[in-house]
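> The structure that follows is given in the form of structure tokens.
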């Protein structure tokens, strides 16, 4: 039982990381960025490239090296997100939402098959594994690295939430989400803030990509497709555009999958996850924490 | 302080402004009057950078700001308080004011300005933690003006601040505008409520179909039979 909870929290914490970028981008420009899962894939490959260049990692050094790789990957994936926004989405600012959505699907294919063209279709074995000695925590077995990665994910999520709720930059993001034109009148450079939002969201997806590579041990150019949909599900469960809601949604989805797999068998995992998505879209489309606003006109 | 000359604006095929010229001097309140669709809001938007003019020039404090991005124009001290108040509805009153101070890097200065606004408008101070969208129309208008004050304008563009407000509240808003002006800020005031605007304006322009048709001091316009006929409801 406790094992199921831990597994769920672990997988859920990187669902949450990916979902946050989804949610932030949706919040600020109302775009469902279908290419977001592919940024996660880019992150996994960028981490792979760095780790391979280092030429294997000694077991004792795994954690510090992994952290350094994580940081590098976050920067490179973040920049990839900025380029994506600049090239694919900004020229369509003000265009109908459907055009933007179709562009996002196109961008997703472009990144996936661009990666396939660059590295070939075969899956890669991640040069680092989260094995190591496992320890007992509340009757469940997990490794120190796993614990560390959950910790990193938590730190990133809490940090993001503080940034959005407490800082001038976060206030600008929230203002643009509500009304970009008026935000510009406050002196906010709207394009620059949107760029930085893509950077942050993509960096979190990149971090999750490295974590997933190290956890599952295998990466391929289509790995972002499913996680993109899962992140969307997590965001909907929690309340899309709502940061704490999205984190919660990721964790809830991870737990649901973990228990669903246990009860129904592994082959039902995705059916279970997307069944929950449909349930939420029907019954509570605003998500767990998405609230309706009372407004006087 | 502000010199607009020969301003042209086209919106997909519609020629909204046709060579409009106007000036606002240091310390003045200038009213811009006209009916719906005359081009008043377009004039404001083209001045503050929300809309790119297709011709003409906008000079602010002697420098050409025509077609600059809106956030750059704001940073020069020309602040546009838009039509419909445009409060950030799910953010708190205080956050709205802090956004007004987005460009001010000195925390103590932001605090000083916000305290000044709270001093002038105690209702806002009482509701500082409340979501902006839950305020009454008049309070939202006060918040919109307060937010613009925190930005620290040398020229304030106010678009229809009296819209949808009860007469008593209109009077309070006009009084606030006169107070802001008395402390040295020039104001360009767009209004449909011509009588309220001309009471506090030093000068005014009348706009029809994208061109200026009349101009004069507040006194002259108030007694001009054409203005009385068209905008002050006759008699």
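In case you wondered, yes, glycine gets a Cβ from its N, Cα and C as well.
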> For the annotation transmembrane segment in TrEMBL, which listed range does it cover: A:65-84, A:165-184?
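The listed stretch tagged transmembrane segment in TrEMBL is A:65-84.
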> Find the member of A:39-59, A:96-115, A:144-164, A:193-215 that has more C-beta pairs under 8 Å to the transmembrane segment (A:6-27) than any other listed stretch.
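Most contacts with the transmembrane segment (A:6-27): A:193-215.
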> Counting Cβ pairs under 8 Å to the transmembrane segment (A:221-240), which of A:39-59, A:144-164, A:193-215, A:247-265, A:271-290 comes out on top?
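Answer, by Cβ pair count: A:271-290.
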> Could you check whether the transmembrane segment (A:247-265) packs against the transmembrane segment (A:271-290) - three or more CB pairs closer than 8 Å, residues at least 6 apart in sequence?
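Taking Cβ pairs at least 6 residues apart, the transmembrane segment (A:271-290) and the transmembrane segment (A:247-265) are in contact, with 3 or more under 8 Å.
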> Can you tell me which of A:39-59, A:144-164, A:271-290 gets the most C-beta pairs within less than 8 Å of the transmembrane segment (A:193-215)?
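It is A:39-59 that shares the most Cβ pairs under 8 Å with the transmembrane segment (A:193-215).
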> Which residues of the same chain, at least 6 past either end of the transmembrane segment (A:144-164), have a Cβ under 8 Å from a Cβ in it?
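That would be 6, 9-10, 13-14, 16-17, 20, 24, 62-63, 66-67, 70, 130, 132-133, 135, 137, 170, 173-174, 200, 204, 207-208, 211, 214-215, 243-244, 247.
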